[in-house]
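Novice: Swiss-Prot feature annotations, pasted as is:
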- His61, His378: Fe(II)-heme a binding site (BINDING)
- His240, His290, His291: Cu cation binding site (BINDING)
- Tyr244: O2 binding site (BINDING)
- 12-40: transmembrane segment (TRANSMEM)
- 51-86: transmembrane segment (TRANSMEM)
- 95-117: transmembrane segment (TRANSMEM)
- 141-170: transmembrane segment (TRANSMEM)
- 183-212: transmembrane segment (TRANSMEM)
- 228-261: transmembrane segment (TRANSMEM)
- 270-286: transmembrane segment (TRANSMEM)
- 299-327: transmembrane segment (TRANSMEM)
- 336-357: transmembrane segment (TRANSMEM)
- 371-400: transmembrane segment (TRANSMEM)
- 407-433: transmembrane segment (TRANSMEM)
- 447-478: transmembrane segment (TRANSMEM)
Amino acid sequence: MAITRWFFSTNHKDIGTLYLVFGAWAGMVGTALSLLIRAELSQPGSLLSDDQIYNVIVTAHAFVMIFFMVMPILIGGFGNWLVPLMIGAPDMAFPRMNNMSFWLLPPSFLLLLASSGVEAGAGTGWSVYPPLAGNLAHAGASVDLTIFSLHLAGVSSILGAINFITTTINMKPPAISQYQTPLFVWSVLVTAVLLLLSLPVLAAGITMLLTDRNLNTTFFDPAGGGDPILYQHLFWFFGHPEVYILILPGFGIISHVVAYYSGKKEPFGYMGMVWAMMAIGLLGFIVWAHHMFTVGMDVDTRAYFTSATMIIAIPTGVKVFSWLATLHGGSIKWETPMLWALGFIFLFTVGGLTGIVLSNSSLDIVLHDTYYVVAHFHYVLSMGAVFAIMAAFVHWFPLLTGYTLHSTWTKIHFGVMFIGVNLTFFPQHFLGLSAMPRRYSDYPDAYALWNTVSSIGSLISLVAVIMFLFILWEAFAAKREVLSVELTATNVEWLHGCPPPYHTYEEPAFVQIQSN
């Protein structure tokens, strides 16, 4: 296995594997950072030195989990592996650009880690708001390194998005309409469009911040006629689509997993699912200011953003009830991916309901920047995106490796993880309703109980992460080969065996369309 195979790869399967390994590694780093946060908050009083180092850890935790764990795994890993197989394409449309998309990430990660090590680190929160992120409150190179890190990660994602859009539209057999491609392919397509439209706005915002810090411009400085609120609009115009970018591929995965383990040949309401994803993608761009209800917008502006945000619940509800309808009447196989998928549906819905609460601008004035918000977005990320990743991994592991995971161990792992994340994040709703603010390393004694419970939950999640590594080792050590795969007629990624050959569909796929 020459080193060139991995450094110069133009093969979608190899690049997908690189993304998965990188994402798993970054996930360990992000988990370590989250445990530092929960250790600090496990008791009143100080563990680390001060709020600056605490906020550096919080900021790094967010960036690592979003840009180096969830996105590389869902889009780069499963997207690369599955999209070409699902549409019968020999590879991605631009295989070398695909390689570059991946190799921009390790330098980007390096820059982010470097930012923590110079001066006092970037303790700005992931939104990097000026004036805190300006050159007075954050003198030194920390924030600049963070900005360059984001630039690289952004270029990587934009190139990946171009690649996925071209591949999904252009590389499928001519006889097949877009409405005959699997839902995961659709989810990656919608995600890629969101990336392509939102990331340039982030790039503009952080570039202006860079020049404010180093070239004496005043885009975000009132002293020179600028406005820090402009930065917030630019950031959240990216930031809100970003959260849908994180969850949409998960929606696609859950559709596949639920249909497969219900013994159905397709999910319920295919067209409804597709349109729901497109609606979520569109609406995701016109709700950004709900992150800014406390900055003093007009009451009519707040009314609009409240209503628009609530409308997103409709296509999301279409998806949730379609998953439940897919289960209906099926012969359900209670295998581990199905457990992850059912956990996803329930916990994502809980997270969505707290999101509806927060969409009310009047309520959000009180709940903004409290642990209620932290609980909300960790329910949709730590139990939405992560559960989708786990469902996908356990479901497609035999396809990726040719080996099967130990079914009992993976079920125990699911149970431990389920208890861990819920024990970590459910109490945070109580803290938020008691007005405990985010981004502080210490708190009054009144909040001690639920913080201690939350920190114990984080240790249970750590046990789950270690169990997962053991399960992975066990599968490769035991080498149980795949015997047979069911439902391949409607799950075409499995058609070439486990694992598929290095090159698939070297000749164009022959497709016969049944006319109804």
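Cβ coordinates are placed from backbone N, Cα and C, and glycine is handled just like the others.
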Novice: So for His290 (Cu cation binding site), how many other CB atoms are inside 10 Å of its CB?
Specialist: 23
Novice: Would the transmembrane segment (51-86) count as touching the transmembrane segment (228-261), if touching means at least three Cβ pairs under 8 Å and pairs must be 6 or more apart in sequence?
Specialist: yes
Novice: Against the transmembrane segment (141-170), which of these stretches has the most C-beta pairs under 8 Å: 183-212, 228-261, 270-286, 407-433, 447-478?
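Specialist: By Cβ pairs under 8 Å, 183-212 leads among 183-212, 228-261, 270-286, 407-433, 447-478.
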Novice: C-alpha of His378 (Fe(II)-heme a binding site) to C-alpha of His290 (Cu cation binding site): distance in Å?
Specialist: 17
Novice: Would the transmembrane segment (228-261) and the transmembrane segment (407-433) count as touching if the test is at least 3 Cβ pairs under 8 Å, pairs 6 or more apart?
Specialist: no
Novice: Please report the number of other Cβ atoms within 10 Å of the Cβ of His378 (Fe(II)-heme a binding site).
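Specialist: Counting Cβ neighbours of His378 (Fe(II)-heme a binding site) within 10 Å gives 20.
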Novice: Could you pull out which residues elsewhere in the chain have a CB under 8 Å from any CB of the transmembrane segment (336-357), counting only those six or more residues past its ends?
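Specialist: Residues 247, 250, 254, 257-258, 260-261, 309-310, 313, 316, 320, 323-324, 363, 367, 372, 375-380, 383-384, 387-388, 390-392, 394-395, 405, 407, 410-411, 413-414, 418, 421-422, 429.
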Novice: Using the CB centroid of His240, His290, His291 as the Cu cation site centre, which other residues of the same chain sit with their CB within 8 A?
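Specialist: Output for this site, in sequence order: Trp236, Gly239, Val287, Trp288, Ala289, Met292, Phe305, Thr309.
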